[in-house]
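S.K.: As annotated in TrEMBL:
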| type | residues | note |
| --- | --- | --- |
| ACT_SITE | Lys313 | active site, proton acceptor |
| BINDING | Ser196, Ala229, Pro230, Gly231, Gly232, Asp248, Asp268, Asp284 | S-adenosyl-L-methionine binding site |
| DOMAIN | 13-80 | domain 'RlmM ferredoxin-like' |
| DOMAIN | 93-171 | domain 'Ribosomal RNA large subunit methyltransferase M THUMP-like' |
| DOMAIN | 194-287 | domain 'Ribosomal RNA methyltransferase FtsJ' |
Amino acid sequence: MPTAPQPCESLGLLVQCRPGFEADASLELQTSASAARLEGKIEARAQSGFIVLTHDKPTPHDDVRRRLDLSRLIFARQSFHVLAMLDALPERDRLTPLLKAIESFGSRFSALLLETPDTNDGKEQSGFLKRFAPLLEAALTKAALLRPDSPHLPRLHVFLVGTQCAYLGVSVASEGSSWPMGIPRLRMPKDAPSRSTLKLAEAILTLLSADEQKATLRPGLQAVDLGAAPGGWSWQLASRGLRVTALDNGPLAPSAMATGLIEHLRADGFTWRPKKPVEWMVCDMVEQPSRIAPLMAEWVATGRCRRSIFNLKLPMKRRYEEVERCRALIDQRMRTGNIKYTLRIKHLYHDREEVTCYLTRR
Ligand SMILES: C[S@@+](CC[C@H](N)C(=O)[O-])C[C@H]1O[C@@H](n2cnc3c(N)ncnc32)[C@H](O)[C@@H]1O
């Protein structure tokens, strides 16, 4: 990648992913870029936690944004348009060359996202990051480059790889995560029955807009949880005041039952049906994705539920292809019913070998 960009021309795209998912993230980015007629070369190192697509020719990032919506990438926790790459940062003073490069972009920014790969090497930098972040922020503020009161401005990403290399770039609020490295800082609620409650909490924050959250997660609304035990997801919905029918042959934790809003049924999630339509159906059953996807589509298509959040478990090698196969199964069911729908899919920070989906009628 050349090191001297023209102002605001994007040299490429940097996508951060869970270490071990570089091949899936690469295939997805290559496929999306080709569909958008953005030719380029992908570099991906196994277990590095990020991939880079270098455009064949530097392209204004507004142009790239019009053609490729980074927010739709499933295996991207975070992504941005690369404006410069510095690969010989002096360890004694990284601030001066970084600031010089940032000033050359001729832009102001709404926020600074100082990031590293989510690897052991990246974590070793966390002490340095804590010390460096306020210094860089103060320098940017002094140079009048940081304007937190102007959210329409792009966000500045400084992605440090090791001690000498930095990728610098930008994203707008709608295309990347507002959390550095796409890692939400969610506190484990003390009464929740399992850590997987955080997965549903992250899914709600990531896959639904603030307005959608407000309108659809209200006290009094009904939900069904397929494969609920020990009750982390049911508890998450009950903590928002929803009434939950929780299906599982296994037991629910006492803390879930103590909410007084959860009814536990020992029944099969594949055959059980609600007597009346419900607002939400969530599903975390450990099953083949090709069995889960049609079941979710059927619930939404027939109006048994208005919306659904569900997991597709991906223990197989070709994860991206499997997700696309499930997307096609859902699309096929919706087309048969002539139903317009919204499907959002993301590999969340709290997801391991799985992705989380949101499906609703439009
Ligand atoms: C990953 S766990 C669910 C964890 C849960 N979401 C939580 O937050 O605590 C998967 C659950 O799916 C249940 N399960 C698997 N197949 C099922 C089926 N056909 N019907 C109902 N539950 C099923 C299992 O018994 C298991 O408890």
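Including glycine, each Cβ sits where the backbone N, Cα and C put it.
Map these features onto the structure and tell me what's around them.
M.R.: Annotation for Lys313 (active site, proton acceptor): same-chain Cβ neighbours under 8 Å, separated by at least 6 residues, are Val286, Glu287, Gln288, Pro289, Ile292, Glu353, Glu354. In the three-state DSSP scheme, Lys313 (active site, proton acceptor) falls into the strand class.
Look at Ala229 (S-adenosyl-L-methionine binding site): DSSP puts it in coil.
Taking the domain 'RlmM ferredoxin-like' (13-80) as a whole, pLDDT averages 97 in the prediction.
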S.K.: Let me make sure I understand the structure: which of the binding-site residues listed (Ser196, Gly231, Asp268, Asp284) has the fewest other Cβ atoms within 10 A of its Cβ?
M.R.: Asp268
S.K.: Per DSSP, what is the residue tally for the domain 'Ribosomal RNA large subunit methyltransferase M THUMP-like' (93-171) in helix, strand and coil?
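M.R.: Going by DSSP assignments, the domain 'Ribosomal RNA large subunit methyltransferase M THUMP-like' (93-171) contains 31 helix, 21 strand, 27 coil.
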S.K.: Reported in the order helix, strand, coil, what are the DSSP residue counts of the domain 'RlmM ferredoxin-like' (13-80)?
M.R.: 24 helix, 23 strand, 21 coil
S.K.: Going by DSSP, how much of the domain 'Ribosomal RNA methyltransferase FtsJ' (194-287) is helix, how much is strand and how much is coil, in residues?
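M.R.: The composition, in the requested order, is 29 helix, 20 strand, 45 coil.
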S.K.: Among the binding-site residues Pro230, Gly232, which residue has the fewest other Cβ atoms within 10 Å of its own Cβ?
M.R.: Pro230
